[in-house]
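Below: one structure, written as structure tokens.
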Amino acid sequence: MPSIFSYQSAEVDWCEGNFEHSTVIAEYYNTISNVSFFVLSAALLYLNRQYCQQRAVPMYFVSGLLLCVGVFSMYFHMTLSYVGQLLDELSILWTLAVAYSFWYPKVYFPRYMAGGGRERGRDLGRDFGVTTVVSTLMSFIKPAFNAYALNCIAFHLLYLTWCELKKCNDKRVHRMAAAMVVWWALAITSWLSDRWLCWLWQAISFPYFHSFWHVLIAVSLLYCFPLVIYFDVNYEMPTFKPKLGYWPSDSWPVVVPYVALEEPHKQC
Ligand SMILES: CCCCCCCC/C=C\CCCCCCCC(=O)N[C@@H](CO)[C@H](O)/C=C/CCCCCCCCCCCCC
Ligand SMILES: [Ca+2]
Ligand SMILES: [Zn+2]
């Protein structure tokens, strides 16, 4: 019986051919394209540094977890091992759980958490914790199914974004949300087409859609996080006014969004 650490012991094998460019890296482009998560993690900390000064723990925690996602995903595509697959999926699950427990807006907390703000926060943290531990245990049952379940969380994020946009008049926020949705749609199309249309991509010798997914989902998260930060500042930091900006400048053809904090009530 092959070890759970051995090469190609995972339940899934992506469309890119194995060991075509290296004898130690199974899927070469799928492995190196994970560099996107390192860039994402650094960009979030650097561009949103004002917010980072106010909310250091969530930002460093989530950025650190995104680095883990990149490292484990690299390990998975390099080895295609069962352990690599679980590490890849569990790091995504825990990053999502931690991000939700830091940033899930209190207005959407369930009714049964009727106590004061701090207690409700603790209740929700406990519920996310229990759900994540149960999901972690369940993910050993059928790892190939986990990726589909994780992808479904994007629909909940879309729903939350929709609810927030209904309350927001800032055109920049609407434009940024639209850009996030477009990048995510491109990302999920690449992921699904690598899974389901591999015969077609192999026939035309272009089996690289999973590496596109890595880059595209990282870009959509570059748009998603500033939105999350924008809404968090509006809800939780009343002494600041969030302002969406683009780095290096609005007029450049390729730009990266970020949130700057203004202090509207500051006298002199
Ligand atoms: C109030 C909540 C705020 C939430 C903020 C969002 C936090 C996102 C955290 C982590 C997402 C990382 C996803 C990267 C996956 C990279 C690894 C990978 O490619 N793994 C594949 C195998 O190599 C595996 O098959 C993929 C599994 C599916 C992962 C699905 C993740 C859903 C993330 C949702 C992001 C939505 C962004 C835009 C929403 C419209
Ligand atoms: Ca493969
Ligand atoms: Zn991957």
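Even glycines carry a Cβ here, placed using N, Cα and C.
Record features, source TrEMBL:
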BINDING   ASP13, TRP14, GLU16, ASN18, GLU27  Ca(2+) binding site
BINDING   HIS77, HIS210, HIS214  Zn(2+) binding site
TRANSMEM  28-47  transmembrane segment
TRANSMEM  59-76  transmembrane segment
TRANSMEM  147-165  transmembrane segment
TRANSMEM  177-193  transmembrane segment
TRANSMEM  213-233  transmembrane segment
Cβ under 6 Å from ligand 2: qualifying binding-site residues of TRP14, ASN18, GLU27, HIS210, HIS214: TRP14, ASN18, GLU27
Other C-beta atoms that fall within 10 angstroms of the C-beta of ASP13 (Ca(2+) binding site): 13
Fewest other Cβ within 10 angstroms of its own Cβ, chosen from the binding-site residues GLU16, GLU27: GLU16
Inter-residue Cα distance where the pair is HIS214 (Zn(2+) binding site) and TRP14 (Ca(2+) binding site), in Å: 13
Binding-site residues compared (HIS77, HIS210, HIS214) - the one with the fewest other Cβ atoms within 10 Å: HIS210
Rounded Cα separation (Å) that holds between GLU16 (Ca(2+) binding site) and HIS210 (Zn(2+) binding site): 8
